[in-house]
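Read the structure below first, then the notes.
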């Protein structure tokens, strides 16, 4: 692609997959479908868990937070991405790029920490069932969520500010489909080793530390499940924890590959597809993972559908 055709005085050019026009057409359809699934699935989980009093528990409080996070996460990326995929204009304003950079890093950090909090909730529920509601009281749950959002915001402010302060010498071509931190670092016209090491160090704190805590929690959970005499209890514990563990595996696998490599050695196209996976596809899979293996959530969704069906039917009768 001739880069001379891509100049902008007031923003950045998101090259994305512009070297492959046919792939862009396919991706625009795929992204649209998965975005709609994300919107419908996560909204349904939030409404179902709010309307069903049986789901007013710490586990579903954190699940609602995860669903809200996924909605915000994808919405901060997908609309601009679809605009760039559908048309020839690949630009994004400077302000829009800065906002996307901060928000994207903020929400991504939240998900890392929130998954760790959810694993602690499962650990308490299975390993200390008699004291579960006392330990995981509403005040503590709210405090944990506020702490997660606050730490993640601080991480975003530090890393993104460091990145934006790098001189770019007029270079505004981002070889990505969004304003992501590694792509912004690459267009700097000075040695970025210090910033890359800062990203790597904070990545260890935000990504690896929660992952280690998750693995420790599941080590204790596995011991507790093996000690259970009831097969039904074991099955319920495995189903509940299996959903969370599946989400953890998918999310952390791609994040670690993308952000915990000194010098960001991921290949260009592979990095784009991995980013596409954990920003677009993973949030749409979360509702499916949590509902297909969770009887309580499936029952709540059925109630929600019945309520919606009854209200629609009553409106039709009233109009007639």
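Even glycines carry a Cβ here, placed using N, Cα and C.
Some features that TrEMBL has for this protein:
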DOMAIN    41-290  domain 'G-protein coupled receptors family 1 profile'
TRANSMEM  25-50  transmembrane segment
TRANSMEM  62-82  transmembrane segment
TRANSMEM  102-120  transmembrane segment
TRANSMEM  140-164  transmembrane segment
TRANSMEM  200-221  transmembrane segment
TRANSMEM  242-260  transmembrane segment
TRANSMEM  272-292  transmembrane segment
Dominant neighbour of the transmembrane segment (242-260) in 62-82, 102-120, 140-164, 272-292, by Cβ pairs under 8 Å: 272-292
Stretch-averaged pLDDT - the domain 'G-protein coupled receptors family 1 profile' (41-290): 84
